[in-house]
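Asker: Pulled these features from Swiss-Prot for this protein:
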| type | residues | note |
| --- | --- | --- |
| SIGNAL | 1-16 | signal peptide |
| DISULFID | CYS33-CYS83 | disulfide bond |
| DISULFID | CYS44-CYS74 | disulfide bond |
| DISULFID | CYS45-CYS57 | disulfide bond |
| DISULFID | CYS84-CYS95 | disulfide bond |
Amino acid sequence: MQFLAVAALLFTTALAAPSSDVNGIIRRANAFCPEGLLYTNPLCCDLDVLGVADVDCVVPPAKPSSCKSFGSVCASIGRKPRCCAVPVAGVALLCTDPIPAI
């Protein structure tokens, strides 16, 4: 029984690891949210509470291609671009600002 729990843990960890292309470059879901397990969901949020929790968050209506377009897509619906952990019932408990374009 313990073996199955450990095997399941290792399997899910392997699935969560970022993939890389043939040149060894790690692929990211987007270029404007930080890498890792947190803050990977781009959302447009209405109200920011103390810079951490965001209320009334929605998925961007159009897929942004850069940090600048992410900001303009969210601004078009009157919201702020945020990179959040998985939201629960419209409330994103852990959020951060997107990575600025260099």
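Note: Cβ is positioned from N, Cα and C throughout, glycine not excepted.
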Asker: Looking only at Cβ atoms, how many others are within 10 Å of the one on CYS57 (disulfide bond)?
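Answerer: So the Cβ neighbour count for CYS57 (disulfide bond) comes to 21.
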Asker: I need the CA-to-CA distance for CYS84 (disulfide bond) versus CYS33 (disulfide bond), whole Å please.
Answerer: 9
Asker: From the disulfide-bonded residues CYS33, CYS57, CYS83, pick the residue whose C-alpha lies nearest to the C-alpha of CYS44 (disulfide bond).
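Answerer: With Cα distances computed to CYS44 (disulfide bond), the winner among CYS33, CYS57, CYS83 is CYS57.
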Asker: I'd like to confirm something. Which of the disulfide-bonded residues, CYS45, CYS57, CYS74, CYS95, has a Cα closest to the Cα of CYS33 (disulfide bond)?
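Answerer: Result: the closest of the disulfide-bonded residues to CYS33 (disulfide bond) is CYS95.
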Asker: With H, G and I counted as helix, E and B as strand and the rest as coil, say where DSSP puts CYS44 (disulfide bond).
Answerer: strand
Asker: Relative to the Cα of CYS74 (disulfide bond), which of the disulfide-bonded residues CYS45, CYS57, CYS83 has the closest Cα?
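Answerer: Nearest listed residue in space: CYS45.
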Asker: CYS83 (disulfide bond) to CYS57 (disulfide bond): how many Å between their Cα atoms?
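Answerer: Approximately 10 Å lies between the Cα of CYS83 (disulfide bond) and that of CYS57 (disulfide bond).
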Asker: Rounded to a whole number, how many Å is the Cα of CYS95 (disulfide bond) away from the Cα of CYS57 (disulfide bond)?
Answerer: 11
